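Heads up: the structure comes next, in structure tokens.
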Amino acid sequence: MKKQWTRRSAAAIAMVTTLLLSSHSFAASENNERVDPRNEAYAKDHADQYDSWRSTSDSVQIEDALAEDPNMVILWAGYGFAKDYNKARGHFYAVDDVRQTLRTGGPTDENSGPMPMACWSCKSPDVGRVIEEQGEDGYFSGKWARLGSEIQNPIGCADCHDTRSEEFKNGGPALALTKPHVERAMDAIGKPFGDQSRLDQQAAVCGQCHVEYYFTGKTKAVKFPWDKGTTVDEMEEYYDEIGFKDWTHKVSKAPMLKAQHPGYETWRDGIHGKNKVTCVDCHMPKVTKEDGTVYTDHKVGNPFDRFEDTCANCHTQSKEMLQSVVATRKAQVLKMKLTAERQIVAAHFEAGAAWDAGATEKEMAPILQDIRHAQWRWDYAIASHGVHMHAPEVALEVLGTAVDKAADARTKLVRLLAKKGITEPVAIPDISTKAAAQKALGMDMEAMKAEKKHFLETVVPEWEEQAKEREARDYEPM
């Protein structure tokens, strides 16, 4: 095992020699100083920001979203999210959580495992460092495990700030996009980062990760599907035109799309986005210490936890009243979410029954397209964290169209099934719990958990040891 990862490290070093040949290299910089991805390196000069960032480690609890809503196991059948899907924790846990999820499997060497390198892209400031050193092709190529020892530090300072700039060193924010695919995405929607206002830049740095994206090309590089715009319809049209699918559904065989977390897109369409109230206004407010010092709180969290520093800056209503409004909107979105899920789950099983009854690809094509569109719209709404607050009207409208699309699919399926001699309702197996739903799909969860356990106990310690040695060699001690 040791030799396998050592060889990979040597190969990564050798690859640096080719970085200037990369067609999308991000290595060019006005400052030749090596970027330091270690968040602790900024603790002394930016103590308040660092201490508040470190407080994101307070979110220790892991909440199992599949256990809460087993429908999602079926909706993602055949895809990694059916294995596990936990609600997001604080930035402090970004690297740990992606290592521990069953979705990344249990690779035993640099070439094994189910996921590409791109899965690190929103987890660490080491990503920007590696892209600078090896170019985009050098970073994205290969499996997720290939550069496991290089991605060590969780989401932090160098993800959103130009930490090498004089502005940052003198206490200024020096906001920056640190990944070239994000710069291209902003250009695509006519918002080059350098031309953006300070408020837009505050949202854009969050939009490096809190967005919809997909993996493209031989290297499975990250791309935002914004060529036609950022609405659910525009991105759907884009995906359809290029014939993209994330996976083929295990039950219905539909060519599926998996929305990631389009928070930036839904925020733009919501009341706050339209009024230039940005992510940091609500989630990272400026706070005043007892000595009068003002700083930006980097403990990204619920605005109601710091009501006087967030909501009360604009709203005259009481905290209790606003909490009631948000709770009502959340309940409305949840109700429509579950309605859409029931329809789409049924459509998947009915499509499976149609295949079993001898349906042809030609007969199924329009049905599968309806299922694809229905679930894309459902996912776009539910994967956008906080959409009930950011843009509840968008969520309800999009979920409504998801129900309509699913109903279209089921109407066509009723006719097709009748044509095949099936007039009784299609039976749906027990999916009342996460375990039952995974069993219905024939998933060997114990084997997956054992594989992950072995990976965490054998491979991850080697990654951490190699990262420690590299950082000791490349950076000044803290």
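Cβ coordinates are placed from backbone N, Cα and C, and glycine is handled just like the others.
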Additional site residue, His161, His388, His390, His454 [criterion: listed by Swiss-Prot with Cys279, Cys282, His283 for heme c 4]: His390
Co-listed heme c 3-binding residue [Swiss-Prot; alongside Cys206, Cys209, His210] among His91, His315, His348: His91
Matching residue for the heme c 5 site, where Swiss-Prot names Cys311, Cys314, His315 - out of His261, His272: His272
Site co-member for heme c 2 according to Swiss-Prot, given Cys157, Cys160, His161, out of His298, His373, His385: His298
Spatial neighbours of Lys123 (heme binding site) among the binding-site residues Cys209, Tyr213, His261, Cys279, Cys311 [C-alpha, 10 Å]: Cys209
Spatial neighbours of Cys279 (heme c 4 binding site), counting only the binding-site residues Cys157, Cys206, His261, His272 and Cα distances within 10 Å: Cys206, His272
Neighbourhood of Gln260 (Ca(2+) binding site) by C-beta distance under 8 A, where only residues 6 or more apart in the same chain count: Val211, Glu212, Tyr213, Ala383
Whole-number Å value for how far Lys258 (Ca(2+) binding site) lies from Cys206 (heme c 3 binding site) (Cα to Cα): 20
Cα separation, His298 (heme c 2 binding site) to His283 (heme c 4 binding site) (Å, whole number): 8
Integer Å distance between the CA atoms belonging to His390 (heme c 4 binding site) and His272 (heme c 5 binding site): 7
Cβ-centroid neighbourhood (8 Å) of the heme c 2 site, Cys157, Cys160, His161, His298 excluded: Tyr42, Gln49, Trp53, Gly156, Ala158, Asp159, Thr163
His390 (heme c 4 binding site) versus binding-site residues His91, Cys119, His315 - nearest by Cα: His315
